[in-house]
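Annotation comment: TrEMBL describes CYS2 as active site, nucleophile. What TrEMBL records for 2-219 is domain 'Glutamine amidotransferase type-2'. TrEMBL lists 287-427, 459-600 with the feature domain 'SIS'. Feature annotation from TrEMBL assigns active site, for Fru-6P isomerization activity to LYS605.
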Amino acid sequence: MCGIVGAVAQRDVADILVEGLKRLEYRGYDSAGVAVINNNNELQATKRLGKVQELAQALEQQPVTGGTGIAHTRWATHGIPSEVNAHPHVSNNTIAVVHNGIIENHQSLRSQLQGLGYEFLSQTDTEVITHLVHHELKTSDTLLAAVQKTVKQLEGAYGTVVMDSRDQDNIIVARSGSPLVIGYGLGENFIASDIMALLPVTRKFSYLEEGDVAQISRFNVSIFDTHGEPVEREAKEANVSHDSGDKGEYRHYMLKETYEQPTAIRNSLEGRLVGGMLDINTFGEGADEIFKNVEHVQIIACGTSYHSGMVARYWLEELAGVSCNIEIASEFRYRKSFVPKNSLLVTISQSGETADTLAALRLAKEIGYQSSLVICNVPGSSLVRESDLAFMTRAGAEIGVASTKAFTTQLVGLLMMTLAIGQHHGMSDKKQAEITQSLMSLPAKLDEVLALASSIEDLAEDFADKHHALFLGRGDQYPIAMEGALKLKEISYIHAEAYAAGELKHGPLALIDAEMPVIVVAPKNDLIEKLKSNVEEVRARGGLMYVFADNDANFSSDDTMKVIDVPVCDDIIAPIVYTLPLQLLSYYVAIIKGTDVDQPRNLAKSVTVE
Ligand code: HGA
């Protein structure tokens, strides 16, 4: 959350900064700002409420010039979205700061600084950094030293970039809890919260580690660790395409990313199932040894990733015969939990920077988890660097805030992990072959599902005037019902709940009437007769149902039920197959409701704050 870009160059950087912000807008979009130092050593700061486009227009009308600058797109935590609260924040017309994270001791620092005569203009926690740097500079030789002293006083999380209008040659950056990546150019260097922002200007990147402070100038980058000792952070070439942030022919990123799922899954499978055999190196060095010793799996995730983890629990226990628990990261990290013997901690995160999940991984290491594995879409991210093993989902850049291809490729990774663990726990050759074949059949199957788009679009009309919806599923389709409900909430703002269908009679049946559409995920499987009884319970109470089912499940449309015919598929991959129609349903409902599909209100991607 919150996107940061900074540059020290020999050319004007405003356009680079704004382009970077556009590429980071998925991280926050309630306001945006830029500050650039001009040739007279003056700060030119422009901020706008709303999207980066508003800022870009303001800069077109009143351009800023200069080779050193910082920029920010905000997702508010402290203080309402407003121009005053937008970053960069400035102290005494000299020090400008952008920040991602939360300064937890901001109130006491604010009082302290007010006592020293500093006047606060915004309601943000960030502004304390600005004045603190200004204050520390009075007794420091360099901006670097002032920032080093400042960060020692900060509690909480930050990725921050600081510049001083009197010094056009340097910007200072610091990381603790929120990601920052340095981009290396020729006679120019950059900083950003994500490499996406800098792909138009460089391919060479190095990630800052926790506690690092760095001085970035045109020809040099010096990094210091938490003790102030100089350190090297390996620079690597990124092999992501420059255009991966492009919407192409699609109206929204979410639709593009929904349609990319067959390709994303093909990429995710490529080279990993060699001759029908899983290549264990897919998970990294030492995977075989780790999987051999696993007796229990603890999955930790948030949001959509939590739902993929829930599906994995069904797979791990049923297919691999290994016990598995799953917990939301923000709960796990703040309670004392029992660590079963020989437990593997599995985290799931699209960005690899999810603050709660990262904190949970660090805690797990402290409390005795033997090994860790992450399912992640971003190489080099914090979770990848800090885990023993990693499965890279290869979904490609996902820009739509509502996750689509990241989710289904996570499921692919989790199914491969099930296979890998199962191989060490007596999974039969037949079962292994079945899983492998199912996985291989997925891309073509998903192409068939996407062909349902126009009939799902027709269905969406029925939801336009609804305020609530109920999603039902059983077994490994229960988490898919949850994901369907989350998607609908996120982008259409319709209140949606998901229930394991067997729970209906324990409460939610009371809600059923003609105003509460009920969406049922119903592939033909061992639970179909049970699910059909639940469907009858809804019908008997005047409920209207939308049933996603294959032919073999034997549902037929009537006055109270519309059946959407989903292609028949293997049970194992059915959770992945049934995800797509629900994504499409949410998308088309959101279109009818006229919401901002890619950037729904109040949300942001890459949740780097608690
Ligand atoms: N706390 C700061 C930055 C918020 C943030 O990092 N969001 O992701 C603010 O509220 O401006």
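Cβ atoms are placed via backbone N, Cα and C, with glycine included.
Nobody curates TrEMBL annotations by hand; they come from automatic prediction.
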### Query
In the predicted model, what is the mean pLDDT computed over the domain 'Glutamine amidotransferase type-2' (2-219)?
96
### Task
Using C-alpha atoms only, work out the spacing between the residue listed as 'active site, for Fru-6P isomerization activity' and CYS2 (active site, nucleophile) and round it to an integer in Å.
9
### Summary
For the domain 'SIS' (459-600), the DSSP helix/strand/coil residue counts are 68 helix, 28 strand, 46 coil
### Message
When secondary structure is assigned with DSSP, how many helix, strand and coil residues does the domain 'SIS' (287-427) contain?
### Response
66 helix, 29 strand, 46 coil
### Message
Return the count of C-beta atoms lying within 10 angstroms of the C-beta of CYS2 (active site, nucleophile), excluding that atom itself.
### Response
26
